[in-house]
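Copied from Swiss-Prot, the annotated features are:
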type	residues	note
REGION	148-176	region 'Disordered'
REPEAT	19-58	repeat 'WD 1'
REPEAT	64-104	repeat 'WD 2'
REPEAT	208-250	repeat 'WD 3'
REPEAT	270-314	repeat 'WD 4'
REPEAT	315-354	repeat 'WD 5'
REPEAT	392-429	repeat 'WD 6'
């Protein structure tokens, strides 16, 4: 007799983070996988410590819903910068130092009252840039190389920026941002920070009524040429390339927007319904799109080595958004309106896992970095004492802290945010 195949039990989340009182719209794992940042439909931001699963900072960043949120650490991991995009038509940059964390509010939105909100201490608002937020398309950002960054001895910033920046001579991290154009919802604007200046506009396609821009992604080629992938309301996806490397002249006030010559290098009607999200894996020369229809499509990026072919799969499950490719390019995940998170193979597009826990639709997912080399000293949690090396056999608090950090950093986290306001953390693949 043949032995019946034993079915593996369904996957279950490792942790559930409960803190938001409204749907989760943005997630990002950063700080060497030690921090998770989340944003919700009421404009609240929470920075979570993934070691202790507790909030590090909580504040209301926008009066409207959060469209996207990103977090980064600088200055030997002692300074955190948070980039938020809200439905109040603002793109904000927030900053706090490791020594400020004890002073920041930690009361979660589900527990907060209006009185506590008025007395709350929030991070420094470094920049507030007016941008379009009418069509639910979140920003995409790209840090510039040092040789591309203009000299901003006197950066153009708001008065609020100059009075609230923590520390003396805070570092200026030059970056580009792509957002939909304010006048033509099918066009794309490129902004520069810290100059807070619009550099150019990629006009809407004149031959096709694509409708609104639904998603954008900025990325570099191997030769450091700037590319942007975009997805549209009618199901089209496109890729534009800016030929030649960027120079400081391109960011100076003397350069006009006409000096930015964009070339459309790829266009495809990939979906029958609005394309909801895209993500690019430059090292592999491809990007993935998901839509309100049931298709998941893998597209080649012309100019990235050998040009591949378009691959698509009918998943039988409509409404998958928030697509994210993991840093090693092996798997990607989508957030489903049916409350499921699905994990696919980047190579074959085969469905590898269906993660079911949430009772309501999921809107966003985030992967941990599985390829980075991490320094798990105490400085990663804002305490420099843990960076010291203990002798063999010596037991100390620093050793325990370092071991905890290493365990979290090496975990293949997948975070999912749902309409129910909860964040599920999964350890997969």
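Each residue, glycine too, has its Cβ placed from N, Cα and C.
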Mind pulling out the one from 19-58, 64-104, 270-314, 315-354, 392-429 with the most Cβ pairs under 8 angstroms to the repeat 'WD 3' (208-250)?
270-314
Against which stretches of its own chain does the repeat 'WD 1' (19-58) lie, if we need a Cβ under 8 Å and a gap of at least six residues from its ends?
64-73, 77, 80, 82, 84, 86, 88, 94, 96, 101, 104-110, 112, 120, 122-123, 138, 363-369, 372, 374-376, 380-381, 404-405, 408-409, 411, 413, 415-423, 425
Take the repeat 'WD 4' (270-314) and find every residue of the same chain, 6 or more past its ends, with a Cβ under 8 Å from one of its Cβ atoms.
211, 214-217, 219-222, 225, 227, 229-237, 239, 241, 320-325, 329, 332, 334, 344, 346, 349-350
